[in-house]
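Beneath this line is the structure, given in structure tokens, with notes to follow.
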Amino acid sequence: IDPVIISVSHIRSKKFQKSFISFIQFHPPTKMPSISTLNSSQFLPKTFFFFFFFFSISIFSLVNARSIKSTHHHSVELDESLTYLWPLPAQFTSGNDTLTVDPNLTLDFTGNGGSGGGSAVVEEAFERYKKIIFKHGSKLAKSGEYFDVNRVTVIVHSDNDELQLGVDESYSLLVTKSNERSIIGGVSIEANSVYGALRGLETLSQLCKFDYGVKTVQIHKAPWFIQDKPRFAYRGLLLDTSRHYLPIEIIKQIIESMSYAKLNVLHWHIIDEESFPLEVPSYPNLWKGAYTKWERYTVEDAIEIVDFAKMRGINVMAEVDVPGHAESWGAGYPDLWPSPSCKEPLDVSKNYTFDVISGILADMRKIFPFELFHLGGDEVNTTCWTTTPHVKQWLQDHNMTAKDAYQYFVLKAQEIAISHNWTPVNWEETFNNFPSKLNPRTVVHNWLVGDVCAKAVASGFRCIWSNQGYWYLDHLDVPWEEVYYAEPLEGIKSISEQNLVLGGEVCMWGETADASDVQQTIWPRAAAAAERLWSDKETTSSRNTTSTALQRLEYFRCLLTRRGVPAAPVTNFYARRPPLGPGSCYEQ
């Protein structure tokens, strides 16, 4: 009967859930053994009725929902008192005017950032956002036609376009009506870096709305004055391309959509035990571990992804997970396996293993300029080391236990990463097992236990928060509000320790996600975490904001779909499921 009890949670109606559970409680099967001990002739008569009952209720619910929803016109009214910007800016004021926006909108780029590579970042972004804003209003303005907003002035104070952790993403945005008496009419964005200017352009694009009645782009509630900056420096999304290969075009689409929610780090979990799709020139047989010869990334592909991300203010942090999760390495170099029958963790006893790691990191350093590099270190089962004769002998010769060897491997990999001028990031198991031995520069990546970040920062380490109970996007039964209210600083009271939490990251593990459904799984729940990481805690943490946050998130989800991002409905019981019946995008 257990599967029936579990499956009842799929019924959206709470009343049906209660009725069904009550029925099971008051009509329990008599002396029913566990399913594992039953043969089919015993099992089917006793449980068929319950499965049939649940199935009938499910079908009735779906049919009934269709018949009810499809026969009644339902017009959705948005709450105009809400601010439909996502993530919510730090400070803002607005008015009551409606401004029209010229489809011939021009860019005036000034300040120190107007020279060098930074100008290309802003100019390309401006052209991208013009295509978004004027998707419907692409017609040129008629001669003599007047618009309130006809230019965007962007002032950037720094000419440094280097993108690293903690780059200044703050900006101010002023939207007023242009007129002859106003020096500051139109739209002005002021930022210390080009990446702050990018965030300002995103906010501006969300203020611009197409009016279907007059077929003109408008900005409501003007004048706007927005001063904004992120709460956390690190706002990430993990993308797993080992469990399922993702084509470059899909990765680019995801990066583009990340910029809409002001996320700024793509954690690229490129390789794992299932496949090794990346080209490594120093060890060209490694990508023999790819699923097929067509499911691979060349060096040029990876550089293209990094460059594409940089133009959107997004860093790419690569991960090479060692010593576990590395079985695929041996497809090209079998000597990396402890033995042909025991293939991971990587062979700790051979210098050759570390030569290969060093070669991989040297090649990857030419691709990934971001200062953080993820070395994994999680879920290491050392059985192969203690049961493979030559590794077992090596352990004895070096007077090491398997746990000692795990520490030895992680620390040696850290030394290699640091020698390539990287700051190592490791999953929390490394901190849980040997915290005092880790390099002090280590960034601890929490995923498993709730209080790890608090313990890590208390020990002086920096931390990234990705608690699997809330921010693992492959957990399809986690509703948007649990993602939204999850707090990276939970249990951390000291300001100095809070400052050691770099931020957080939602994780899109790829076991059940490929090009067909990965974006629906990421969005819109990733946006809930994005606002937690960007916006002021006090204005977004009160539980009485749930209804307003839901309306704003539903609006943002529809914004994503209008921009071509296949974001799933917000209130699905299971993420990425399609709607159950007809209805507005703004109420799903």
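Just so you know, glycine gets a Cβ as well, placed from its N, Cα and C.
Quick look at what TrEMBL lists:
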DOMAIN    85-207  domain 'Beta-hexosaminidase eukaryotic type N-terminal'
DOMAIN    232-536  domain 'Glycoside hydrolase family 20 catalytic'
ACT_SITE  Glu379  active site, proton donor
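In the predicted structure, the domain 'Beta-hexosaminidase eukaryotic type N-terminal' (85-207) carries a mean pLDDT of 88. Summarising the environment of the residue listed as 'active site, proton donor', the number of other Cβ atoms within 10 Å of its Cβ, over all protein chains shown, is 13. Using DSSP to sort the residues of the domain 'Beta-hexosaminidase eukaryotic type N-terminal' (85-207) gives these counts of helix, strand and coil: 33 helix, 37 strand, 53 coil.
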